[in-house]
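Features as listed in Swiss-Prot:
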- 24-51: region 'Disordered' (REGION)
- 32-51: compositional bias 'Basic and acidic residues' (COMPBIAS)
- 79-143: region 'Disordered' (REGION)
- S122: phosphoserine (MOD_RES)
- 134-143: compositional bias 'Basic residues' (COMPBIAS)
- 143-167: zinc finger (ZN_FING)
- 173-197: zinc finger (ZN_FING)
- 203-225: zinc finger (ZN_FING)
Amino acid sequence: MSAAAYMDFVAAQCLVSISNRAAVPEHGGAPDAERLRLPEREVTKEHGDPGDTWKDYCTLVTIAKSLLDLNKYRPIQTPSVCSDSLESPDEDIGSDSDVTTESGSSPSHSPEERQDSGSAPSPLSLLHSGVASKGKHASEKRHKCPYSGCGKVYGKSSHLKAHYRVHTGERPFPCTWPDCLKKFSRSDELTRHYRTHTGEKQFRCPLCEKRFMRSDHLTKHARRHTDFHPSMIKRSKKALASPL
C-alpha cells in the first residue's frame, strides 16, 4: 500500500470512528437511552469519563482534518513535472551551443522566430546567447588556411601568410651572402641560416662556455646539466638583448 493510500485509509477510519460516537450531553439534559447505549459502553471500557470522551472526539476531528489537508497536496507527481519542464530548455540550449561552437554559425532559430512563438526568453537563454556571441567573435578572429585539405587555423594573419607559403612554394626572403642562392619563406629561417655564414653563436650556455646558433639547441644542451633551471636561459637572453 502506498503512502497516499495509507493516509486515505487512516482518514476514513477516523471519520468512521467519529460518526459512531455521540456528543456528550449537557448538564441537566435527559438524552435517549438507546442513542447513548453504545457511547456509554465505550466510555466505560475505554475512558470512564465523559470529559475524556470529548477530548478524544476533538483529537479525532483534528487528525482527520489534518490528514485530509495533507492529502490535497501530494508531493509525488509535482517534482517530476517541474523537473521535466526545467530540463527541456537546458537541452535545447545545449544543442544550440554545440552548433555554434563547432561550425561558428548562429543557431537555426532566429530571434524573430522566437518572438513569434510567444514565449518570453528565460534568463538562462539570455545568458547563453551572450556566451554564444562571445564565442562567435572569438571564432571570427581566427585565420583559417584556405588551401583545400589543410584546415589549419592561426590567431594572427602574419602566421597564416607564413604558413600559406608552404603550399604556394613562395620564398620571398633570399640570403644576401655572396654566392649563396638560398631563399626562405620566413624571415626567422633566413636569420638562422645567415648565422651559418657568419659563424655567430649568440646563445651561450649559462653553465659552461659552449655557444649555439639556435636557442632550441642551447636548451637541449643545457638540460644535460644537473644544475640547470629554465630561468637561467631567460636571464641570458635578457643580457644579450640589453645594449653594451
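Placed from the backbone N, Cα and C atoms, the Cβ positions cover glycine too.
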### Query
List, by number or range, the same-chain residues at least 6 past the zinc finger (173-197) whose CB is under 8 A from its CB atoms?
162, 165-166, 213-214
### Message
Within the zinc finger (203-225), what mean pLDDT does the predicted structure show?
### Response
85
### Query
Can you tell me how the residues of the zinc finger (173-197) break down into helix, strand and coil by DSSP?
11 helix, 4 strand, 10 coil
